Amino acid sequence: MAEPLLRKTFSRLRGREKLPRKKSEAKDRGHPAQRSEPKPPEPEPRVLEGSQAGAEVPPSPETPRSPTRGAYLQSLEPSSRRWVLGGAKPPEEISLGPRTPSSGEPAGEIWYNPIPEEDPRPPAPEPLGSQLASSEPEGPNIQGAAPTSPPTKTSRTKSPGPARRLSMKMKKLPELRRRLSLRSTRTGRDRERTAPAGSVISRYRLDSSVGTPGQASVAGGSRSPRGGYLSDGDSPERPGGPPSPTAFRPYEVGPSARTPPAALWGRLSLHLYGLGGLRPSPGATPRDLCCLLQVDGVARARTGPLRSGPDFLRLDHTFHLELEAARLLRALVLAWDPGVRRHRPCAQGTVLLPTIFRGCQAQQLAVRLEPQGFLYAKLTLSEQQEAPATAEPRVFGLPLQLLVEREQSPGQVPLIIRKCVGQIECRGLRVVGLYRLCGSAAVKKELRDAFEQDSAAVCLSEDVYPDINVITGILKDYLRELPTPLITQPLYQVVLEAMAQGHPSRASLGPEGTRGLLRCLPDVERATLTLLLDHLRLVSSFHTHNRMTPQNXAVCFGPVLLPARQTPSRPRLRSSGPGVTSAVDFKRHIEVLHYLLQSWPDTRRPSDTPDGAVAPYLRPKRQPPLHLPLAGPEVVTRPRGRGGPESPPSNRYAGDWSVCGGDLLPCGRDFLSGPDYDHVTGSDSEEDDDETGEPRGTTDFEDEFDAPFNPHLNLKDFDALILDLERELSKQINVCL
């Protein structure tokens, strides 16, 4: 009778009998959950109830062990009883070991949780005595959580599903963690070393040694794991006590040393020890602080959020920064502002790197922060490099005499000036805005580098540099960066004396007299300035096209060719401010160059302009009006009104000519098919008139404004009016300061 019952019992334990899941597990799992030795059936339910209460598992609907079953087990032979009771595994194997078919669950179900959830909160301390009485005395509890009884098979009677079984496994983690901590030493490192090799704790680092600040230790005298702050630095843990203030040298940047003369190259190791003297306002709550490090205004490193203390905040962070031409190291202390939900600077300090490493490689400084506080840090400079040698100027910034000797250029004029002037005179004399518009900065940088490498190999053709403003910009940059200006101090005084004699007159000075003003200059400067004055005089002769009159040329080149500050021609009675003095000097520069351009002989006047005559403005030749033999009622025109806003460009020359026949106009129907782009753009169409043989008639815009709109009226009439206005506005106005 015993053998069939035993066989049936083991078949249920191993899951070989396929019964309804909820009922079979609730009934059959209660049998092997017994102690390894027979005990009376009465006291064990009480202990089991206490263990279930400690583990926070709801009681089973039916009693796990009845007196009948206990009597049955006692009636068995000792070997059979041990065989029946040996099917239950120890608690350690249930928690740690892999699941086997003898565990009472289906063989094919494997549940794996790589990152367990957080531990549940410990229960109230009232049932602590009953739990300790029912569990084995293995030592004090370090984490402060109430220990639970060893898990048994009866704890799964209410967990038929996999989710419930997984939650029960998660509830066993506090007990497992407690047992592992009791078996190991008290330090975090030994705890990691003695953890089982296959345990989840050691594999996924669930028991971290980095705690939160202010973690209280439990009774028994055992201290909590060593706390620290994780940050961007190399040392996330805080040392024991504050550093000694006497070990750090006070440092504060003086107002006169904020612009150091040199730079620093190398590797800087910065170790932060702490922040002191940051006294919060009375009644203020502690704030989260972080330290931001900047090198020459660029953020390079920062710490994590740190909870500020009453007077001193301990730090232990190390940063390694690569320095390239570094001068200033700035430390910003940022405080969290809950109003705007971001960090705001509350203190800052500056360190001049080139000055602190003179004669040493390491410094321990107490950097003074503004408005309050100190930053205790150690700065170590390693792998210091010498400053790279500055490239020697080959064209820009080189003295004129030295550049001419190096290039051996003909005429004692640098190649860059000859090439730029040649291209401007070839294709830029009729460009509006010459020397006043700026070209592309990137293209200018490319052209500058090309001149620095090899001036003779630079090609300034229109295919390579189509924008003439790039070439004019390079020429002005070169003249501006000369070590000595072309119009020197002696020449400046000579021109001022000539200006004191009266208005420049070619009859009084003559060509040789004006050129004789440059005799005080050296040969190279005299040849270069002569070439530039000839060029500017030629540019001003095309002022009808490029709007570069001698006055405009003097405004553009006066500050470039003359020094920044000249000695005044007569002493002033009283000193003025620096702004007034600079304005007066700037005005004198323009007057000196304007005098030279007006009195300079024009040897290269354009051939289309007669000698001694002023080039006229662009005004179309006045011709008789065109009279068409049209009847009055057959022509419908729309004359332009005198008042009202100007019509848009698309309707500027609008008119209804649909009633006109093809025999009335010489251009025929083609004229009515589209807009007259030739006349709108103001292009020269005199050749077309010569071919057709018809005289080209234009209406005088000034005399016959009320006349009907003429089809041959073009934009040149408007250009003539605009040029007249510009001529009146460009008249010289003498301003006396």
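Numbers here mean position along the shown chain, with the first residue as 1.
Using N, Cα and C of the backbone, Cβ positions are placed for all residues, glycine too.
Per Swiss-Prot, the residue from the list SER95, SER508, SER685 bearing the note phosphoserine is SER685. When SER36, SER102, SER222, SER683 are compared with the annotations in Swiss-Prot, the one labelled phosphoserine turns out to be SER683. As annotated in Swiss-Prot, phosphoserine applies, among SER66, SER235, to SER235. Contacts of ARG436 (site 'Arginine finger') defined by a Cβ separation under 8 A and a same-chain sequence distance of 6+ are given as MET548, ASN552, CYS556, in order along the sequence. DSSP states for the domain 'C2' (249-366), grouped as helix (H, G, I), strand (E, B) and coil, give 7 helix, 72 strand, 39 coil.
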